[in-house]
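Contents: one structure, followed by commentary.
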């Protein structure tokens with residue numbers, strides 16, 4: 001009875017037409033119908049208008065993203081046509097794997113020739129110095145579960161552009177010209193080197209001298225997990241001049257280059273980008289997402305930051321990641337305007353830094369973080385994080401004051417607003433959880449049906465499958481709440497109430513993220529203060545006229561900025577993560593991840609639209625329509641109608657498969673061979689494994705599935721320590737591959753050290769890429785070694801992984817390990833396996849491997865090479 005009385009009171013208070021009629025239901029019956037018809041004037045037009053609103057914003061974002069060069073922006077002297085010529089000539093060299101003649105001779109010669117041409121045309125106010133570095137070194141890194149890297153005689157080309165009188169400080173611009181095996185590497189990263197070559201030529205031809213030097217590093221070994229940058233920053237004499245750096249990378253092919261990482265601290269660098277970038281594209285949200293580790297990637301930024309203690313800016317092309325690290329990463333897929341915008345931005349920032357006093361002395365501006373984001377590509381808005389913290393708390397205080405004022409206001413009118421607000425928040429959170437559970441069940445069923453990744457080529461399938469289900473579930477939950485809990489409540493009151501619920505649902509995480517010191521809290525603050533200002537502006541409109549289309553139009557206009565800003569981030573999320581889910585391994589169900597992303601993005605985009613559910617007569621037809629679309633799509637997906645991959649040359653979305661023709665040899669403690677075999681070891685890089693390939697190559701079925709044996713890294717020649725991501729692999733028996741130069745591995749000597757350790761000295765000679773896996777026997781421990789900083793770093797699973805590469809030529813690789821433990825050596829102290837990887841030349845191929853590759857369908861990208869795996873016990 002108490003609830004009913006409160007409800008009548010609320011309805012009476014918000015009776016816009018019949019407020020003079022008393023509170024009893026019998027007396028208000030006829031007027032109440034008129035009231036609801038005035039208050040709930042919206043019908044089918046509301047969903048259509050909201051849909052058009054979101055669609056229009058998505059269209060504006062699409063147009064902005066396609067507008068690579070900002071209209072009306074100041075033009076630089078950067079010539080994209082020249083850079084394109086460099087790009088085409090570098091990629092014409094084909095795959096540039098570290099250690100190959102293509103990388104170490106042909107590409108190096110080409111870049112040096114272009115630099116000599118630039119030297120001939122430079123203005124005399126500039127000085128250009130060139131140094132070809134061939135470093136040797138080692139380091140450990142916790143990327144991909146943790147491993148240690150060793151490199152020998154790799155190639156870097158360093159070019160210093162400085163005033164004729166010299167310079168004591170420098171800004172570093174880094175690109176890499178090597179590529180992943182079997183790929184042309186146009187976007188990753190030949191285009192960046194082409195851009196830097198053109199910037200070098202443009203800046204050196206001007207008559208205006210720079211204040212500081214610019215060091216252009218053409219890095220020859222980035223794809224070997226950041227070895228080239230480590231060799232430069234830890235060993236090159238110019239490294240001590242570097243005060244800041246710009247790193248150019250790619251996670252996709254073409255489009256806009258995104259600033260996704262800055263610092264650490266040194267906010268003046270972001271301000272330099274904001275001041276000098278002609279076509280800015282930057283996001284502190286992207287930075288915090290990347291640094292969280294959920295994206296399985298890393299860049300040279302990490303090396304300069306961790307080993308050089310230098311602040312910098314990390315930029316990357318992120319569009320069309322489907323063809324990243326594939327044979328389709330070709331020069332013709334990179335638009336000239338994409339090159340132009342990258343050149344304009346990078347040259348502008350380099351000129352600004354090389355002319356700034358801050359590069360020489362940034363001590364006053366070194367500390368603190370910066371909140372930054374671009375405004376639709378026109379300019380960058382940035383402000384100190386400490387200011388952002390104050391602003392966020394002020395916004396939180398204002399919001400709390402607003403909600404408190406509403407509580408007092410409605411309490412005077414006999415309503416328990418605070419209770420209804422908490423109930424509304426509970427209903428909202430419950431609807432989110434319900435929607436999440438619903439789509440997760442759908443995702444699991446799709447996965448079990450064997451038709452996961454159906455949206456990989458057809459993204460609209462994910463929208464019609466999961467987003468519509470989320471919408472339908474949210475509508476259902478709120479419609480039920482409206483019908484049963486708020487049955488006798490004014491729609492106007494409920495609309496205001498659920499607007500306040502949306503404020504609260506954004507305000508709470510805003511405060512929590514601010515407390516944690518995360519800069520991305522600004523995003524939540526934006527979704528609190530702008531809607532709140534809009535609501536205050538519309539207060540009189542709401543009170544005197546009830547809900548109207550005019551009110552709705554002004555309301556949506558007020559939300560325009562947060563919606564368009566959010567839509568940029570929603571685009572970036574799916575542009576990044578959709579391709580990543582096609583190469584994230586066999587253990588992560590991609591449909592589950594996609595369903596979660598759809599829930600999060602849909603909830604965000606709908607947050608301030610929920611109030612309209614309570615201002616319309618009925619949502620039943622819309623809810624049934626959405627459920628029907630989702631249900632039909634679910635049936636079609638489970639029937640296998642949508643094939644995940646595409647071999648369309650205009651827009652390929654290939655399945656990635658690695659094939660290694662392998663010879664394995666296992667030795668016992670006495671050095672005798674106890675097991676030997678050979679075959680083609682195959683890894684599919686997504687959750688579907690080889691299920692789609694098997695119809696084309698029937699012998700690749702479950703009968704040849706590889707088992708993880710009790711050897712280091714399961715007894716297979718892993719190139720990177722990603723065994724925990726790729727647990728489903730196949731081993732097809734085949735004759736041994738013909739290898740003209742076999743790897744030589746031997747224990748050179750054994751020493752008992754004074755500190756109670758046993759040192760084993762090893763020597764290895766082999767191809768440009770080798771990996772070593774170490775597993776100490778219990779109770780022995782690996783206490784020290786000659787690699788990295790001397791402290792062994794275990795990989796996931798407890799074994800130790802060492803990644804080795806060398807340039808064109810290198811001496812025998814010598815290293816030692818020390819073990820401590822028992823005096824009983826009867827079962828040996830350690831098991832060591834060494835693998836060789838032949839990525840180029842005649843040893844890369846075998847007749848059986850080539851024949852198998854020809855049978856793979858055109859929608860796949862099979863990357864292949866020859867490997868060996870030799871295991872020893874000592």
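We count from 1, first residue shown onward.
Just so you know, glycine gets a Cβ as well, placed from its N, Cα and C.
Among the ranges 455-476, 477-498, 653-674, the one that TrEMBL lists as transmembrane segment is 455-476.
Cross-referencing 364-382, 573-591, 592-610 with TrEMBL places the feature transmembrane segment at 592-610.
Check TrEMBL against the ranges 520-538, 691-709, 710-728 and you find transmembrane segment recorded for 520-538. Here the transmembrane segment (455-476) lies next to the transmembrane segment (622-645) in space: the count of CB pairs under 8 Å, restricted to residues six or more apart, reaches at least 3. Counting Cβ pairs closer than 8 Å to the transmembrane segment (423-449), the top stretch among 383-403, 520-538, 550-572, 592-610, 622-645 is 592-610.
Within its own chain, the transmembrane segment (550-572) is flanked in space by residues 42, 46, 49-50, 53-54, 57-58, 60-61, 64-65, 258, 283, 285-286, 318, 373, 376, 523, 526-527, 530-531, 533-534, 537-538, 541-542, 601, 604-605, 608, 612, which lie at least six positions past its ends and keep a Cβ under 8 Å from the stretch.
For the domain 'Endoplasmic reticulum metallopeptidase 1/1-A TM' (417-638), the predicted model reports an average pLDDT of 94. Residues 267, 368-371, 421, 500, 503-504, 507, 510-511, 514, 517, 519, 521-522, 525, 528-529, 532 of the same chain lie 6+ residues outside the transmembrane segment (383-403) yet bring a C-beta within less than 8 angstroms of a C-beta in it.
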